[in-house]
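Colleague: So TrEMBL lists these for the protein:
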- 1-33: region 'Disordered' (REGION)
- 23-32: compositional bias 'Basic and acidic residues' (COMPBIAS)
- 62-527: domain 'Major facilitator superfamily (MFS) profile' (DOMAIN)
- 77-103: transmembrane segment (TRANSMEM)
- 109-128: transmembrane segment (TRANSMEM)
- 140-156: transmembrane segment (TRANSMEM)
- 162-190: transmembrane segment (TRANSMEM)
- 197-220: transmembrane segment (TRANSMEM)
- 240-265: transmembrane segment (TRANSMEM)
- 341-362: transmembrane segment (TRANSMEM)
- 389-406: transmembrane segment (TRANSMEM)
- 418-435: transmembrane segment (TRANSMEM)
- 441-462: transmembrane segment (TRANSMEM)
- 483-499: transmembrane segment (TRANSMEM)
- 505-524: transmembrane segment (TRANSMEM)
Amino acid sequence: MSSINGEPSKIGETSLPGSPSRKQSEDGRDGLSQEEGLVEGFRETGTISTDPVYEAKARVLNAAIQEIGMGWYQWQLFIVVGFGWANDNLWPIVTSLILTPIANEFKPAYPPILSLSQNIGLLAGAMFWGFGCDIFGRKLAFNLTLLVTGVFGLLAFTSPNFVAICIFSALWSFGVGGNLPVDSAVFLEFLPGSHQYLLTVLSIDWALAQVVATLIAWPLLGHRTCQTEENCTRAANMGWRYFIIVMGGLCMVEFVIRFLFFTVYESPKYLMGKGLEEQAVKVVHEVARRNGKTSTLTIEDLRACEPSGARQQTDTRAVLKRKLEKLDLSHVRALFATRQLAFSTSLIMTIWALIGLGYPLYNNFLPYLQSLRSIDFGDGSTNVTYRDTLVVAAFGIPGALLGGYLVEVPRLGRKGTLCLATLMTGGFLYGSTTARTSGALLGWNCGFNFSGSIMYSVLYAYTPEIFPTKDRGTGNALTATSNRVFGIMAPIIAMFANLHTAVPVYTSGALFFLAGILVSLLPFESRGKASL
């Protein structure tokens, strides 16, 4: 078979870069000190592992997945994982699209509370599902996130008042918040190192979701909602309810496809990290079978990475101890175990936090802001507002595709693309403040969504790549939590800021500029390196 770096090797007979060979293990030598393991881990993968034995086994599994190659199972997984990417963007867009008609009907004192409840749900979901998938596995969370979102999305149709729709928004967002932390881990851990760029390409689903949501919203919200809050009754404002039903139904269809028509296997690296090495080998062979190939991986290949005499304990007491150990903060501590790893983890969390505040501060209120500015320009009808929102959404698709290409460009890679796209996003925001016509405003917003789509496509791919597999769910959860915590601040600011001025736009642009600068300081570039 071919190893990750292209040199021919056979698992178990020739050592992988940075991992102990079988002969070394049989002689009783681990072959790598703790510090050597850390250095070799960074050289090979762009990440730091604090467990050299785990790291060596991860390389064996990487080589096994590379041997299988990109096949039918991974392409099917690419499709169903895309559902999670789509919903991560679709439901926040849903909330922003229904904000105006809901405010007209229920006349709340603070309409942005709807976005606040959504972000609270996203935060809770990111924490629960992100941390949980490192404890109870990826497979269960992979299916339940869509189910939770779909059920509460459908139930939101019945909302009799503003409080009810806020509650349902928080509940469906609880499911949405787990999509990216879980789905990125699932997909990345089955990808050959040669195809990790597909994690960036997945953001095409993120952009398509925005187009689908606004395309459906245009006829339903543009023609079946109250134009103003005056005399806005339920009967005259059914558009947003029909819209919610369609979105919830779409999510349930995605769940059925995942649950009934596709068999997702538990991540072999997750199983290996939990000591279930026989199951990990079995999954690799099953994926190979689905791809019409065979794998040479054996349980001995993984055990060859262990120091002599080390064996997995299987008695009841040991099993109970392992389960109790899952409840501690070991996964979090592992991400801050060394100075460089702590710096990387802290920096990526800060970047997610800044973008988590800057993006919703502008984008979640984009239809509302467009309506206000268009009124100033002499064209603020509901129909035109949703039409323009659809045009803006369409520019996210080429942005996601371009991001998938740029991350593989030498000397640019993940970091360079992310830095430039983030700075461009802030620049387009500042440019929008100069618009003096509705057409100019539309143009600047199209640029904002184009660069923002590149930014998110790279950010979603780069983040899980720099975390070791056994702590990846936790790392994703930490970054998502940072994003959601600061996302909660966006509607709070909107409640007290004057949306009729450019102050929120300037604030959002400054946050993107700061995030772009911080990206340049990240210590790891993951382009061309197989993720552990």
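Glycine is no exception: its Cβ is also placed from the backbone N, Cα and C atoms.
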Colleague: Considering pairs 6 or more residues apart, do the transmembrane segment (140-156) and the transmembrane segment (197-220) have at least three CB pairs under 8 Å?
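Modeller: As far as Cβ distances go (cut-off 8 Å, pairs 6 or more apart), the transmembrane segment (140-156) and the transmembrane segment (197-220) do not touch.
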Colleague: At a threshold of under 8 Å on Cβ distances, which of 341-362, 418-435, 483-499 pairs most often with the transmembrane segment (109-128)?
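Modeller: If we count Cβ pairs closer than 8 Å to the transmembrane segment (109-128), 483-499 scores highest.
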Colleague: Considering only Cβ pairs under 8 Å, which range in 77-103, 162-190, 240-265, 341-362, 418-435 makes the most contacts with the transmembrane segment (441-462)?
Modeller: 418-435
Colleague: Counting only residues 6 or more past its boundaries, what in the same chain has a CB within less than 8 Å of a CB in the transmembrane segment (162-190)?
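Modeller: Answer is 65, 73-74, 77-78, 81, 84-85, 87-88, 91-92, 95, 102, 106, 108, 113-114, 116-130, 133, 138-139, 141-142, 144-150, 152-153, 155-156, 196, 198-199, 202, 248, 264-265, 267-270, 287, 460-461, 463-465, 469, 472-473, 476-477, 480, 484, 531.
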Colleague: Which of 240-265, 389-406, 418-435, 483-499, 505-524 has the most Cβ pairs closer than 8 Å to the transmembrane segment (341-362)?
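Modeller: It is 505-524, which has the most Cβ pairs under 8 Å.
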Colleague: Counting Cβ pairs under 8 Å to the transmembrane segment (505-524), which of 77-103, 240-265, 389-406, 418-435, 483-499 comes out on top?
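Modeller: Top-ranked stretch among 77-103, 240-265, 389-406, 418-435, 483-499: 418-435.
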Colleague: Are there residues at least 6 beyond the ends of the transmembrane segment (389-406) whose Cβ is under 8 Å from a Cβ of it, and what are they?
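Modeller: Result: 93, 97, 197-198, 200-201, 203-204, 206-208, 210-211, 213-215, 217-218, 366-367, 370, 412, 416-417, 421, 442, 445-455, 457-458.
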Colleague: For the domain 'Major facilitator superfamily (MFS) profile' (62-527), what's the mean pLDDT in this predicted model?
Modeller: 82
